[in-house]
Amino acid sequence: MATPIILFELLLALSILVALATDHSPLQDFCVADAKSQVLINGLACKDPKLAEANDFFFSGLHLEGNTSNAVGSMVTPVTVSQMPGLNTLGISMVRIDYAPWGINPPHTHPRASEILTVLEGHLEVGFVTSIPENRHITKVLKKGDVFVFPIGLIHYQRNVKSTNATAIAALSSQNPGVITIANSVFGCAPNIPSDILVRALQMDKNLVTHLQSIF
Ligand SMILES: *[C@@H]1O[C@H](CO)[C@@H](O)[C@H](O)[C@H]1NC(C)=O
Ligand SMILES: *[C@@H]1O[C@H](CO)[C@@H](O)[C@H](O)[C@H]1NC(C)=O
C-alpha cells in the first residue's frame, strides 16, 4: 500500500512548486535595476554592481500624506522597483495608503504578492474573499497597531470606518506586485469587453453595463 505515501509526496512536491510561485531569490548580493538597459528579461537587467550607490537602495517621502481627494477617498503611494531600483530581484516592496474619512481602497488583487498591512492611524475595516467554490468573505475591523495579511492573488479591500483620516503601511512579497482593480479591469479595459458578454456574465441590465463602462 505505497499509494498514500506516493500521493503525499506528490502533494508535498506540488506545495513546494506553489511556494516557488513568487519572486525568484537573488543569485548575487543585489541587482540594482539598470534604467537604461534595453534588455527585456523577467525582472529588470542589473547595472554594474560597482556603480551601485546608497540612493539605489533608498526612497524618501513616505511621511507625506497622499492626496485622497478622489472618487474612492484613498491614495496609494508605492515603493516598488519602479521607485527604488535596488529592490530588483529582492522579492519585496511596500506602500503607504491614506484614507479620507469613510474612504475605501476598492476591491483589487495583487497577482504576484501577498500583502501584510499595519494600521498607523485610524480604524480600517478590511477583508478578502477566498476562491471558488467557497468564496468565503473574511473580514475584520483593525485599529492602530493592528496587522492583517491578504494572501497572494485574493481579492481584498479596506475601508476607513471613522470620520478622521486613516493611514496604513503595507509590505508586499514582490518587487512588482501588480494591481488588478476589479471594477477598472472589468469595465474600464481598452478595448471594452463586449457589453453583451458582461450582461450575461454578471446577469446585469445592458444599460447598467454601459453606464459602468462609461465611469471606468
Ligand atoms: C488633490 O487632488 C485634487 C483632485 O485631483 C486636486 O484638485 C487638488 O489640487 C490636489 N491637492 C493637492 C494638495 O495636491
Ligand atoms: C486629512 O487628510 C486631508 C487630505 O490629505 C488633509 O487635507 C487634512 O488636513 C487631514 N486632516 C487631518 C485632521 O489630518
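Glycine is no exception: its Cβ is also placed from the backbone N, Cα and C atoms.
Residues or ranges marked as signal peptide by TrEMBL: 1-21.
When secondary structure is read from DSSP and collapsed to three states, Cys46 (disulfide bond) falls in the strand class. Sequence-distant neighbours of Cys46 (disulfide bond) (same chain, 6+ apart, CB under 8 A from its CB) are Gln28, Cys31, Val32, Ala33, Asp34, Asn88, Thr89. Per TrEMBL, the feature disulfide bond maps to Cys31-Cys46.
Summarising the annotation, TrEMBL assigns domain 'Cupin type-1' to 60-210.
Counting every protein chain shown, the Cβ of Asn105 (oxalate binding site) has 25 other Cβ atoms within 10 Å. According to DSSP, Asn105 (oxalate binding site) is assigned to a strand segment. The oxalate binding site feature in TrEMBL is assigned to Asn105, His110, Glu115.
Here TrEMBL flags His108, His110, Glu115, His156 as Mn(2+) binding site. When Cβ atoms from all protein chains are considered, those within 10 Å of His110 (oxalate binding site) total 23, not counting its own.
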Around the Cβ of Glu115 (oxalate binding site), how many other Cβ atoms lie within 10 Å? Please give the count over every shown protein chain.
-> 23
Among the binding-site residues His108, His156, which residue has the largest number of other Cβ atoms within 10 Å of its own Cβ?
-> His156
Does DSSP give Glu115 (oxalate binding site) helix, strand or coil?
-> strand
